[in-house]
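Asks: Dropping a structure here in C-alpha cells format, bear with me for questions.
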Amino acid sequence: MDTLPDLYGTVGDSLDYFLEHSLQPQRDWKEEGKDAWERIERFFREKCFCDELLLDQEVRVLKVVKGGSSGKGTALNHRSDQDMILFLSCFSSFKQQARDRKAVIDFIKSKLIHCRKSLAYNITVRQHKEGKRTPRSLTLEIQSRKSNDIICMDILPAYNALGSFSRDCKPEPEIYENLIRCKGYPGDFSPSFAELQRHFVKSRPVKLKNLLRLVKFWHLKYLRHKYRRAVLPSKYALELLTIYAWEMGTDSSDNFNLDEGFVAVMELLRDYQDICIYWTKYYDFQNEVVRNFLKEQLKGDRPIILDPADPTNNLGRRGKWELVAKEATYCLLQLCCVTADRWNVQVSIAHYLRGARDVQVTVKQTGREEWILLTNPHSPIRKLKAKIKKRMNLCGELRISFQEPGGERQPLSGRKTLSDYGIFSKVNIRVMETFPPEIQVFVRYPGGQNKPFAIDPDATILSLWEKIEEDGGPCTEDWVLLFEGEELDDDDNLAELQIKDCDTIQLSRVS
C-alpha cells in the first residue's frame, strides 16, 4: 500500500464503500500474515527454549496469544501489526517478570538471529531506542514474500497472571491487588491481560470494528504522517474512545452509519480535556485495594482512558493530545464529516459531565422506602439534593451523608461533587430533613453503621435516646452513649457538651 487513499476527500455516505475497497484486509494479505504467525509461533513452541536452560531452569511456553490489530479483528489491509504474547513458565509473579524480562528478551533475540534462516522469511530484529526503562518487547520486521510491505510483530514475554482464562467471568480481584501492589510502571504488565483486551474489542459487532478501522486509518495517515516526531496517543487509546462513543451514541446498537460514528469520535477527540472513560467489566470498586486505586486514578488530569483490562494503564496520560484535537478539528471540516445527523455523544458528555459514567445512588430515609437515581460524579451535589428534595417532596433543609465500609459517616457538601469524595460507583446515601435550629448528629452503632439524626442543639441526651428508639434502635437499659470517650448522662445538654453539627456519638453496650 504505497499510496494511502484519501479519506478527507471521500463523501460521508460513501465511507462504507471506501472502507470495503481500501481498508479491509484482502485474502492474500491475511493468508501471508497467518503463515508468518504460524511459523514464528512454531519456532517458540518447538525450538526456542528446547535443550537449553534459561534463568537456570527449563522454560516452557504455557500459551501463545495473538494481540494487536490482527488479534482483535481490526487490522488494515497491508498494515498488519501483530502482538505475540508468550506466557512463559519462568515467570511466577509480576515482580519476577520485571526482574527477569530483559534476560528473557535477550535470549529470544539471540535464538531468533541464529535460527531466522529456517523460518522462510527475511526477518529483521528492530533495535529499540535506549531509554531509562527496559523494553518489554522484541520487535520483528518480517518482509512479505508477495509485496514490498512489512509485517510488524512484537514478541512480548509475560507472566500468566490469569491462569485458565474464562471470557465470561471477572478475574479474581486478588490478581489486580497483586498488580497494584507491585507498583510497576503504568501499563507495564498489560501483556498479562492481553486475552481480556482482545476479547473486549473482538466481541464487538462487525460494523463497530469497521469504524475502528476507519479511526485507525485516520491515526495512521493524518496524525502519524503529519507529526512524525511527536509522541502521540496510542491506537489502543483511540480504539477505546471509539467504543465509548459507540456505546453512548447508539446504546450499543450495530445499526448505525459510519459517517455519524466517525464524526462523533472526532468531536470527542476535539474535546479531549473533558474525557474520563472507564469500564467495570473485568475489575470494579468492590475490592478495597482496587477501589482506592481506581479513585485516585479517576481524580487525575483529563483525559482519562482506563484500560478495561488493566487499571494501572491510563492511556490518556501519554501523548500530545492537543495535536490530536487540532487534526480532529480540521477533519470535522472535511467531506467525510459532512453529515446531516449527529450521535448523541456530545449530549451524553453534557449529561455525563466530563465524559464520566453515571453513579447509581440509593437514597435512604428512615420511615420511607429506598429508591435509586443516577447522577454524574462530577456534577455539583446541590443538583443531586434538588432532585431528591423534589422527588421526596421535602420542605426543610436537606442533609445527605454517606459512609465508606469501615469508615465514619461523612456529610456531603452541596458545594462539592461526588468525585471530590472519591465516589465513582454505587453508593448508599442517607437523607435527613432538618428545620432551624436543628443540627445533624451521627450515631455510630457497634456493627460500624452510622445513622444521622436531626435534633435541636439545646435538646438533652434523653431526647436523642427517644429518636434512636423510634428508629428501631436499642433501649437505654443495656446501652450507653459516648462522645469523645466520655459517657453521656440523660440530662446532659448537647450544647453544653459542645456537640456540634455532624459530630459522631458512639452507641456502646454496657459491659
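Even glycines carry a Cβ here, placed using N, Cα and C.
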Asks: Determine which of Ser69, Ser70, Ser89, Ser379 appears in Swiss-Prot for the same ATP site as Arg213, Lys216.
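Replies: ATP site check in Swiss-Prot: besides Arg213, Lys216, the record includes Ser69 out of Ser69, Ser70, Ser89, Ser379.
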Asks: According to Swiss-Prot, Asp81, Asp83 bind Mg(2+); identify which of Asp13, Asp149, Asp154 is listed for that same site.
Replies: Asp154
Asks: Would you pick out, from the binding-site residues Asp81, Asp83, the residue whose Cβ has the largest number of other Cβ atoms within 10 Å?
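Replies: Of the binding-site residues Asp81, Asp83, the most buried by Cβ count within 10 Å is Asp83.
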Asks: Within 8 Å of the centroid of the Cβ atoms of Ser69, Arg213, Lys216, which other residues of that chain place their own Cβ, given that this set defines the recorded ATP site?
Replies: Leu23, Thr74, Ala75, Leu76, Arg79, Leu212, Val215, Phe217, Lys235, Glu239
Asks: Could you tell me what the rest of the chain brings near the domain 'Ubiquitin-like' (439-477), counting residues at least six beyond its ends with Cβ under 8 Å?
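Replies: Cβ under 8 Å, 6 or more out: 366, 399, 401, 403, 405-406, 408-409, 411, 430, 432-433, 488-495, 497, 499-509.
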Asks: If you measure from the Cα of Arg213 (ATP binding site), which of the binding-site residues Asp81, Asp83, Asp154 is the nearest?
Replies: Asp81
Asks: From the Cα of Asp81 (Mg(2+) binding site) across to the Cα of Lys216 (ATP binding site), what is the distance in angstrom?
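Replies: With the alpha carbons as reference points, the distance is 12 Å.
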Asks: Take the domain 'Ubiquitin-like' (439-477) and count its residues per DSSP category (helix H/G/I, strand E/B, coil), listing them in that order.
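Replies: Tallying H, G and I as helix, E and B as strand, the rest coil: 10 helix, 13 strand, 16 coil.
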